[in-house]
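Read through the structure below, which is laid out as structure tokens, and then see the notes.
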Amino acid sequence: MTTIMIAVLAIALLATLFGAILGFASIRFKVEADPIVDQIDAILPQTQCGQCGYPGCRPYAEAIANGDSINKCPPGGQATIEKLADLMGVEAEESAHDLEGKVKKVAFIHEDMCIGCTKCIQACPVDAIVGGTKALHTVIKDECTGCDLCVAPCPTDCIEMIPLETTTETWKWQLNAIPVVNISEANPNSATSRDQNN
């Protein structure tokens, strides 16, 4: 019984010692991140699609902080370019990708050809494809960014990019863009003057 207690005590002592060493090392060898990179990364849409030429949003944020162009993110669009220009103190540029007149496209899986290999699921950076191994897959069109990274890995070519028609149901309404002001609260004197005139 005493040998078990000695072994448990020795393991606890070693765990405490290694924990203290790791704690000290994490403080002593801490790598400071550039705060501008974190701010740029927060503005980017985090689709990790690679259309900018970088493997994800964080590497692109680091490249922008080092002087790369701010107009390479198609999912972010012009709004992201303007936010980045404001943050970086530069003039907003037009998108490097010709998005004028282009209809947004989303992936569509022809389910009769799908073999359930899950290669498209692994390639999708935003988890817009659902399905399981040896089961049919489908695309959640509201989540799809149209990056077409899922098309190339498909061994049966059952994925195609189809245009998403803009309707009143699919339009991205920006309800906060137009401020709603209650006139009676905005100008309380006008209500009392109307009452006095009557």
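Using N, Cα and C of the backbone, Cβ positions are placed for all residues, glycine too.
These come from Swiss-Prot:
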REGION    1-26  region 'Hydrophobic'
DOMAIN    32-90  domain '4Fe-4S'
BINDING   Cys49, Cys52, Cys57, Cys73  [4Fe-4S] cluster 1 binding site
DOMAIN    105-134  domain '4Fe-4S ferredoxin-type 1'
BINDING   Cys114, Cys117, Cys120, Cys154  [4Fe-4S] cluster 2 binding site
BINDING   Cys124, Cys144, Cys147, Cys150  [4Fe-4S] cluster 3 binding site
DOMAIN    135-164  domain '4Fe-4S ferredoxin-type 2'
- May I ask for the residues of the chain that lie six or more residues beyond the region 'Hydrophobic' (1-26) and have a Cβ under 8 Å from a Cβ within it? none
- Message: For the domain '4Fe-4S ferredoxin-type 2' (135-164), report the average pLDDT of the model, please.
- Response: 89
- Query: Of the residues in the region 'Hydrophobic' (1-26), how many are helix, strand and coil by DSSP?
  - Reply: 25 helix, 0 strand, 1 coil
- May I have the list of same-chain residues other than Cys124, Cys144, Cys147, Cys150 whose Cβ is within 8 Å of the Cβ centroid of the recorded [4Fe-4S] cluster 3 site, in sequence order? Cys49, Ala107, Cys120, Ala123, Pro125, Val126, Ala128, Ile129, Val139, Thr145, Gly146, Asp148, Leu149
- Using Cα coordinates, what distance in whole Å links Cys57 ([4Fe-4S] cluster 1 binding site) and Cys150 ([4Fe-4S] cluster 3 binding site)? 18
- Using Cβ-Cβ distances, find the residues under 8 Å from Cys150 ([4Fe-4S] cluster 3 binding site) that belong to the same chain and are at least 6 apart in sequence, listing them in sequence order. Ala107, Cys120, Ala123, Cys124, Ile129, Ile159
- Message: Going by Cα-Cα distance, which of the binding-site residues (Cys49, Cys73, Cys114, Cys117, Cys154) sits nearest to Cys147 ([4Fe-4S] cluster 3 binding site)?
- Response: Cys49
